[in-house]
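The region 'Disordered' annotation in TrEMBL covers 57-91. Per TrEMBL, the feature domain 'Deacetylase sirtuin-type' maps to 119-378. Per TrEMBL, the feature active site, proton acceptor maps to His248. Among the features that TrEMBL reports, Zn(2+) binding site is placed at Cys256, Cys259, Cys281, Cys284.
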Amino acid sequence: MLQGKNSQVFFRHYRISNSFSFSHQRRLGSFSPAPSVISSRTIYSIQSTFMTTRKNTLRSESSVSGADETARSDGTLRPTGSDLSDGSESDVDSLQNQIESLKIVDTSPLEARHDDEWIKSLPHSVKQLGFWIQESQNILVLTGAGISVSAGIPDFRTPGSGLYDNLQKFRLPYPEAVFELDFFRKKPQPFCSLAQEMWPGLKHVPTVTHSFIALLAEKKKLLRNYTQNIDGLEYLANTPAELLIECHGHYRTSTCISCRKPADAEKVKQSIVELGKVPLCHLCGSYVKPDIVFFGENLPERFHSSLHRDVKKTDLVLVMGTSLQVAPVSMIPSMASGSKKALINRDLVGDFTRKGSLFVQGDCDDRINELARFLGWHDELKRKHERSIATVKK
């Protein structure tokens, strides 16, 4: 490996030399993949090329004592005398190409690249998660109702403000009955009235957190987003459909609960949203409901087939805004046994206190804004969020 003054010269010029402008072009937030493992022979080859182009700098620090000498007495490497020919622009280009091909990146700490005192004041957990996101290439994101609260959609279980505490007007035997198939067969109106209030894209738009997930996808870091939400805001934030698994279903399609035939999605929406009526199947006359997974129903087959592969591939599980109380989705973090895990949440849930785990306490949007700024993605996130809101409101 590089040692002594030679390494200092090499890495100092790697960071600041105008000849190596590619290192400056790598803005924070557009990092290359993690560096490859580099042998000492390869490092020496790069070092020698560099010293050829920088012979005057090296000669000012030490003298060459023999044409065939390859190492100093202190063990530090240096080029042979024959290597110290005049450096040319092609030599610099050659070195640049070698470094590019090896995907060497500036691995200095992210906060060292910021002079802003704000960065230094961030909680350690936020900065640590920033490092993890920077180095990860297959992030599995697990989201719950907490990421939609700032959009005006209540979560389910928060005492006083949660959805289950505010369903008295429907006179349910217990709050969860609104999402039970047997109850829907007998009394479908409570669910349809609730769906009328919560239908995606009418009153509610994606939050900053939804847009951040879509930004992870844009940066080729998102392996999959498993969402427990039925509000459709991940979809409306333009998270690619192939990277999004809505574990508990969505409103974009509907099915008859008896004959299981698909229904016309636009007619179902019109019946529920505009008329406030329960849609009926045009074939058998039974009730139709949007393809929301009710208690007792199976999760989509794609959930199971994708999860089996994803938990083996992921290098970071990022959990946000969930109580982790509903299985089998709540089991995902423990299934990804070989990866790092982080939770952004108001309260600590699950097992995020072990080594390799991280709890980032706070409001999801607040922490995501801090992360984006720390990573250098703030402007991109702001633009992406503004675009998603404008698209929904059209």
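Backbone N, Cα and C atoms are what each Cβ position is placed from, and that goes for glycine too.
TrEMBL labels come from automatic prediction, so no person has curated them.
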I'm trying to understand the geometry here, so how far is the Cα atom of Cys284 (Zn(2+) binding site) from the Cα atom of His248 (active site, proton acceptor), in Å to the nearest whole number?
26
Residues near Cys259 (Zn(2+) binding site) by Cβ (under 8 Å) yet at least 6 apart in sequence within the same chain, in sequence order, are Cys281, Leu283, Cys284, Ser286
His248 (active site, proton acceptor) and Cys256 (Zn(2+) binding site), Cα-Cα, nearest whole angstrom:
17
Binding-site residues compared (Cys256, Cys281, Cys284) - the one with the fewest other Cβ atoms within 10 Å:
Cys284
Listed in sequence order, the residues of the same chain lying six or more positions from the residue listed as 'active site, proton acceptor' whose CB sits under 8 Å from its CB are Gln228, Asn229, Ile230, Ile292, Val293, Leu299, Val329
